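Worksheet: one structure, shown below.
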Amino acid sequence: VGMVLQESAGAPSPPAAAGGVGDAAAEVQLSRLRWAVLLLFSSYSLCNAFQWIQYGSISNVFMRFYDVSAFAIDWLSMSYMLIYIPLLFPVAWLLDKRGLRLIALAGSALNAVGAWVKLGSLKPHLFPVTVLGQVICGLAQVFILGMPSRIASVWFGSHEVSTACSIAVFGNQLGIAAGFLVPPVLIPNVEDVEKLAYHISIMFFMIAGVASALFFLVIIVFKEKPPNPPSLAQALMQSRPTAEYSYVQSILHLLRNANFLLLMVTYGLNVGCFYSLSTLLNRMVIHHYPGEEVNAGRIGLTIILSGMVGALISGIWLDKTKTYKQTTLVVYIMSLVGMIVYTFTLDLGHLWVVFVTAGLLGFFMTGYLPLGFEFAAELTYPESEGTSSGLLNVSAQIFGIAFTIGQGQIMDRFGTKAGNLLLCSVLFLGTVMTAFIKADLRRQQANLENE
């Protein structure tokens, strides 16, 4: 580039030579608003994820209230995955053409609308209304899932980008954790339908209120991008003429990138297993430990909380070491080990054992989520992070639906152990494929070359 840009929190960089990156970005500087933007995104992502799992975490209660099958309740969870697949590309295109703010507004608005629609489904015959509300929330999720790595890149410096991505993914995980913990506490397994409707209404009202407040905060706080680019790689991206960028070309570049394609499949296998496990957890635990709905929720909470610790540690570790391939492979192997241990200890009759093994599994399996996003951003720079993470998510949703249906059917016919062994074999395949990904760290290279 023929110039040096300083990358520091406060010091402005010297004026750039004509024709350099500086024409597009006079200086690289971090904005104080970045943490507010990140926190707000994490919060409405949390609210959306809560709505994904709020039915599944007490599936037996909702089955009785609406008088529907277990498969119908599973579809309330799978609807999120199904909606994401066809809508990813239009939304990723919008993200590239119209920017972060519009996507944030759409995601938080749809999330609030879906929550209010569910309030119209408080009678046993109104199951279709709750399905409609869930579909609207599933639409909101399309505007949420691909954002973490884009927010991290646009708002954060190169020394904190992986940590920021981890925190952005955190919100979604915390929402799933709350979705496991809160519904069993708020909605007791009572026979009286009127009482049940009252308890369900409390949960739906709380969510609608929170989702609406977050939408108004997004209108006020969420900005398109900081006044100055936060990193050298971002300065280079912003200096590129828009005419140079083609969305279709970007997707074609990604689909020709062998390392990214391998990562896309392995990410889908791992996260698809996580989706299936989360959706069917209540059924698994209650099968072996009847009447333990609240503890089933707490086991789900344990999986997510330990995974959040894993995600944060892996984000900080990546920022310090930049060992993307090695870290991803180790975490994948440990996810497989955790799944095997969980499978063979679930039916021992000791709930505390299930808590321990679920915590071990969650630490690695959920800790893998931001690793996949960040590794993809490195392998595919300078392509849009929204597109790369979107493709990862599509892979996860497709595998998630397949595994949830497959594991559910196997559990019904052959028991929970057979269903969990399906996930073990899938994670083994993913581990082997991860070993073949080459660490082609292009974003890191761009930062080093331009310092």
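Note that Cβ sites are derived from N, Cα and C of the backbone, with glycine treated the same way.
Bear in mind that TrEMBL entries carry predicted annotations, made automatically and left uncurated.
The domain 'Major facilitator superfamily (MFS) profile' feature in TrEMBL is assigned to 37-442. Averaged across the domain 'Major facilitator superfamily (MFS) profile' (37-442), pLDDT in this predicted model comes to 87.
Taking Cβ pairs closer than 8 Å, the transmembrane segment (35-55) reaches residues 62, 73, 76-77, 80, 104, 107-108, 111, 114-115, 118, 130, 134, 137-138, 140-141, 144, 147-148, 151, 155-156, 164, 167-168, 170-176, 178-180, 182-183, 203, 207, 210-211, 214-215, 217-218, 221-223, 278-279, 300 in its own chain, all 6 or more past its ends. Taken from TrEMBL, the feature transmembrane segment covers 35-55 (among others).
If you look up TrEMBL, you'll see 75-95 (among others) marked as transmembrane segment.
Long-range contacts of the transmembrane segment (102-119) within its own chain (CB-CB distance under 8 A, at least 6 residues past either end) are made by residues 40-41, 44, 47-48, 51, 91, 94-95, 129-130, 132-144, 147, 201, 204-205, 207-208, 211-212, 214-215, 218-219, 222. Taken from TrEMBL, the feature transmembrane segment covers 102-119 (among others).
Taken from TrEMBL, the feature transmembrane segment applies to 125-146 (among others). Counting residues 6+ beyond its ends, the transmembrane segment (125-146) has Cβ neighbours under 8 Å at 44-45, 48, 51-52, 55, 66, 68, 72, 76, 79-80, 82-84, 87-88, 91-92, 95, 103-104, 106-111, 113-118, 172, 386-387, 389-390, 393 in the same chain.
Marked as transmembrane segment by TrEMBL: 167-186 (among others).
Per TrEMBL, transmembrane segment is recorded for 198-222 (among others).
Per TrEMBL, the feature transmembrane segment maps to 260-278 (among others).
What TrEMBL lists as transmembrane segment is 298-317 (among others).
Nonlocal intrachain contacts for the transmembrane segment (329-345), taken as residues 6+ away from its ends with a CB within less than 8 angstroms of a stretch CB, comprise 266, 270, 273, 310, 314, 353-354, 357-358, 360-365, 367-368, 371, 417, 420-421, 423-424, 427-428, 430-431, 434-435. The transmembrane segment annotation in TrEMBL covers 329-345 (among others).
Residues or ranges marked as transmembrane segment by TrEMBL: 351-369 (among others). Outside the transmembrane segment (351-369), and at least 6 residues removed from its termini, the chain residues within Cβ reach (under 8 Å) are 169, 173, 267, 270-271, 273-274, 277, 285, 289, 292, 295, 298-300, 302-311, 313-314, 328, 331-332, 334-335, 337-339, 341-342, 345.
Residues 74, 77-78, 80-82, 84-85, 88-89, 91-92, 145-146, 251, 254, 260, 263-265, 267-269, 271-276, 279-280, 372-373, 376, 422-423, 426 of the same chain lie 6 or more positions beyond the ends of the transmembrane segment (390-406) yet place their CB under 8 Å from a CB of it. Taken from TrEMBL, the feature transmembrane segment applies to 390-406 (among others).
The transmembrane segment annotation in TrEMBL covers 418-437 (among others).
The listed stretches are 167-186, 198-222, 260-278, 298-317; of these, 260-278 has the most Cβ pairs under 8 Å to the transmembrane segment (75-95).
Note on the transmembrane segment (418-437): residues 259, 262-263, 265-266, 269-270, 272-273, 276-277, 280, 284, 325, 328-329, 332-333, 335-336, 339-340, 342-343, 346, 375, 379, 399, 403, 406-408, 410-411 of its chain, located 6 or more positions outside it, place their CB under 8 angstroms from a CB of the stretch. Long-range Cβ contacts of the transmembrane segment (298-317) within its own chain (Cβ-Cβ under 8 Å, at least 6 residues beyond either end) map to 53, 57, 162-167, 169-170, 173-174, 176-177, 179-181, 277-278, 281-282, 285, 323, 327, 331, 354-355, 358-371, 374.
Tertiary neighbourhood of the transmembrane segment (260-278): same-chain residues 53, 56, 77, 81, 176, 180, 254, 300, 303, 332, 335, 339, 361, 365-366, 368-369, 372, 375-376, 379-380, 388, 391-392, 394-400, 402-404, 406-407, 423, 426-427, 429-430, 433-434, 436-437, selected by CB-CB distance under 8 Å and a gap of 6+ residues from either end.
Taking Cβ pairs closer than 8 Å, the transmembrane segment (167-186) reaches residues 38, 41-54, 56-58, 144-145, 147-149, 151-152, 199, 202-203, 278, 281, 293-294, 296-301, 303-305, 307-308, 311-312, 315, 366, 369-370, 373 in its own chain, all 6 or more past its ends.
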